[in-house]
Amino acid sequence: MTKLIYAFDEGKKGMKDLLGGKGANLAEMKRLGLPVPDGFTITTQACIDYLEQGGTLSEALMSELQDQLAAFSTRTNKAFSSNDNLLLVSVRSGAKISMPGMMDTILNLGLNDDNVEKLARKTNDERFAYDCYRRLLQMFGEVVYDVPMTAFDTYFNDYKKQHGYEIDADIPAEGLQEICERYKAIYEEKVDKPFPQEPIVQLTEAIEAVFKSWDNDRARVYRQLNDIPYDIGTAVNVQEMVFGNSGDRSGTGVAFTRNPGTGEAKLFGEYLLNAQGEDVVAGIRTPKDIATLHDQMPHVHQQFVEVSQSLEQHYKDMQDIEFTIENEQLYILQTRNGKRTANAAINIAVDLVREGVISKEDAIKQVEVKSIDQLLHPNFDEQALAQATVISKAGLPASPGAATGKIVFSAEDAKAQAEQGEKVILMRPETSPEDIEGMVASEAIVTTHGGMTSHAAVVARGMGKCCVTGCANLEINTQQRTVTFPQGVLSEGDIVSVDGANGDIYVGEVDTISAQRSEAFSQFMQWSEEIAQLSVRMNAETPQDIAAGYQFDATGIGLVRTEHMFFAPERLVEMRRFILAHNHDQRVAALNKISTYQTDDFEKILRQSEDRPTIIRLLDPPLHEFLPRSEEEKESVAIQLNVSTRELNQNIEQLHEVNPMLGHRGCRLAITYPELYEMQVEAIMNSVIRLKEQGIETNPEIMIPLVSTVEEFKTLKAMIIDKIERMAQENGHELNYAIGTMIETPRACLIAHEIAKEADFFSFGTNDLTQLTYGFSRDDAGKFINAYADQGIMEIDPFQTLDVDGIGQLIKLASEQAKAVNPNIKIGVCGELGGDMKSIAYFNTLPIDYVSCSPFRVPGAILATAQSAVESGRLSVK
Ligand code: PEP
Ligand code: MG
């Protein structure tokens, strides 16, 4: 029979699938001899069974639970409801991947009306005992039965106010007793039955609540956002309580072995004396810097420093550690790889390699591709900042970024307004897991409470979202929808700018500048390039984009979309003249003018590229895209072209297509109007000649789009070669060029072996290939693709991530057959999927030479290809 519960002594770190991250790490720490309170873990399999069996705890699980509790009692010499040796436990969820959307923790479980008295007697501290009980009543109500937090908090805060107590610690034992009574009444009103007095009932209900939380809306949203599968389930950890709230020689805290914001190699964390875990994370009391623990309890601080160093060395990564101190005795309650900002991720990975803790390959695996994208985000312009009005400098830089948007005060408003296209900044006293969708929808999150480890901070860092916490000088009133700062008041809809790098907040919009590359970033990217197998080119045509792509170490240009060059007014008019011409001569006259512009364009591009391969794609879109649409525009075009509006309208009518994407576009344009491609080829080669005469050698690759028969390709290739050879003869230069094709129709994939005999290169256009293979219009799919995702019909959007089973098979067939008949053929991917991490992992398994994507995706793509090389173990030494 499958074992469903493991004592901490029975597990180890490699058992994450079964014990979840938290459970496996608790077991590992126990194995390492660290001070971990005893306990056991109910497996993820038990969770899956529970959900599959329609929400009942199986007999097998219940009987194992009895056995484990008995063994646990023997080991700890404590039992539920024992007079002298009272057992109290915490119950915590813990999936393989940590998930903030789930039920997190219930503490002090095992207390009831009698046991609270026993605890008071045993500790000789009635106040402490009732403080524990009121926490249990609240947590149990909230997480097991969804009693709103405010039901308890409002009463608690009113009670404090009425009695003139400033802080929680001012409330005496009798006060807490009264609060417990009221909490039980609140519980009963909301839940419709009394708070369960039997510890075993509390425990089983808590276990069920954890299992159910795997299926709640927040967890579902989080899984979807982070691509976490449903069927991995969550484990439940049951652990003996230790008490951080048992006086001033006790406390609780969270610390990172390195700074999660910057990566600095220095212990970074916070703690609160006389507090329980949720006080730190909930951000209600503002915690103290871990360094000051040294002044309070030097030996505990020293021991914690040693434990954290040994955990980092053991896990070979920055750790996020939860600890509790009970009467000067240190306990470790959790360790896991810490969430960190993009900048910190790079700095930590590079430092760990330099310190000899990990290899370059490990470093490459450690940094998420998403982080690289974040690093390329802009920052606020210093000069603009100097002019801006500051509303807060009191906040903590919880997660970097520079964001501007309209203030909203609730997660619902954030979501609703973002759906209307607004950029919003979510401002709240603190956030909780219910706010997750609103946080996703916001540009930045600002809270007045909480530190660097509050919910808002941790979740935002994980999302790569700008976040500032603990802005103590602001007063956020979510009812009146105002935020008061020392010099004034802002209301919902007012614009603010949030600097996640230093925690400052400004009124209005502040200009941004693009990001700078740090030395560690360059080093990290160099390692990635050494390991990457596919090279990464860029899709670009403007000087700025090309410069950016080369700064990011693109190896060439994988796609110049020439149509983007036809839309400037002076060019558009000539293009329209060409389209509306009645004969060859008129067409050539119009094209000659465009040719002058195009030569300049190509010269600029090739000058930037020099001898790096540069694919210039000949014109692709349907001609009607260049024609005027509105009546007004048509009238002015008719005047420009010196034709009547009637004639223009007739011409436009003739060019109308029912399905332009399947119509007169791509290479078909040049079969009917060869002059068009001849002009473009002439412009490319003229620019090559001009550069050659200035001593600059270039490497143009001419690409024909939308080919689906080998004859199309052969016809156009012959025309292009003829044109170039004539030019070479006239100019007396030897011209260097390659001619290839996009592979973006299913038929082209199926006959790739024939086309490959004729082509110097292939470039998979996955945008059109996806459109044509599914028969999903790429411009209209947005209308239905979300419904497919919601109904589980399609897990991925195939325009964003490769459909390996369908499109992937076409690409595999085409690339393998092409290389078989023409081993020298160069093969790339230039559609959107060329920059997608998961698609890149698949391309890495095929005989593909490079991927090409927009310039800002280049570094991420380089890392993705390095990661897939490391994961697949197919490392080549360069
Ligand atoms: C493609 O179809 O994937 C492609 C790169 O071409 P475009 O997006 O310009 O049609
Ligand atoms: Mg295309």
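Every residue number used here counts from 1 along the chain in the order it is shown.
Cβ atoms are placed via backbone N, Cα and C, with glycine included.
All TrEMBL annotations are machine predictions without curation.
Mean pLDDT, taken over the domain 'Pyruvate phosphate dikinase AMP/ATP-binding' (60-298), works out to 91 on the 0 to 100 scale. Marked as domain 'Pyruvate phosphate dikinase AMP/ATP-binding' by TrEMBL: 60-298 (among others).
Packing against the domain 'Pyruvate phosphate dikinase AMP/ATP-binding' (303-346) from elsewhere in the chain are residues 13, 21-22, 25-26, 28-29, 32, 34-37, 98, 239, 242-244, 246-247, 249-263, 267, 269, 271, 277, 290, 293, 297, 352, 357-358, 362, 366-368, 370-375, 399-400, 458, 461-462, 464, 518, 520-521, 524: each is 6 or more residues past its ends and has a CB under 8 Å from a CB in it. Taken from TrEMBL, the feature domain 'Pyruvate phosphate dikinase AMP/ATP-binding' applies to 303-346 (among others).
Per TrEMBL, domain 'PEP-utilising enzyme mobile' is recorded for 422-503.
In the shown protein chains, 23 other C-beta atoms lie within 10 A of the C-beta of His455 (active site, tele-phosphohistidine intermediate). Following the DSSP three-state reduction, the secondary structure of His455 (active site, tele-phosphohistidine intermediate) is helix. The active site, tele-phosphohistidine intermediate annotation in TrEMBL covers His455.
Per TrEMBL, domain 'PEP-utilising enzyme C-terminal' is recorded for 517-867.
The DSSP secondary structure for Arg561 (substrate binding site) is strand. The substrate binding site annotation in TrEMBL covers Arg561, Arg617, Glu744, Gly765, Thr766, Asn767, Asp768.
Neighbour list (Glu744 (substrate binding site), Cβ cut-off 8 Å, at least 6 residues apart, same chain): Pro705, Leu706, Phe764, Gly765, Thr766, Asn767, Asp768, Leu769, Leu772, Gly831. Residues or ranges marked as Mg(2+) binding site in TrEMBL: Glu744, Asp768.
Per TrEMBL, active site, proton donor is recorded for Cys830. Under the three-state DSSP scheme, Cys830 (active site, proton donor) falls in the coil class.
Cys830 (active site, proton donor) sits 11 Å from Arg561 (substrate binding site), counting Cα to Cα.
In this structure, the C-alpha atom of Arg617 (substrate binding site) lies 49 angstrom from that of His455 (active site, tele-phosphohistidine intermediate). Same-chain residues that are not part of Arg561, Arg617, Glu744, Gly765, Thr766, Asn767, Asp768 yet have a Cβ within 8 Å of the Cβ center of the substrate site turn out to be Leu559, Asp620, Pro705, Met742, Ser763, Phe764, Leu769, Cys830, Gly831. DSSP classifies Gly765 (substrate binding site) as coil under the three-state reduction.
Following the DSSP three-state reduction, the secondary structure of Glu744 (substrate binding site) is coil.
Taking a Cβ distance under 6 Å to any atom of ligand 2 as the criterion, the recorded positions His455, Arg617, Gly765 reduce to Gly765. Among the recorded positions His455, Arg617, Gly765, Thr766, Asn767, the ones whose Cβ sits under 6 Å from an atom of ligand 1 are, in sequence order, Gly765, Thr766, Asn767. The maximum pairwise C-alpha distance among Arg561, Arg617, Glu744, Gly765, Thr766, Asn767, Asp768, the residues recorded as binding substrate, is 15 Å. Geometry remark: Arg561 (substrate binding site) versus His455 (active site, tele-phosphohistidine intermediate), CA distance 45 Å.
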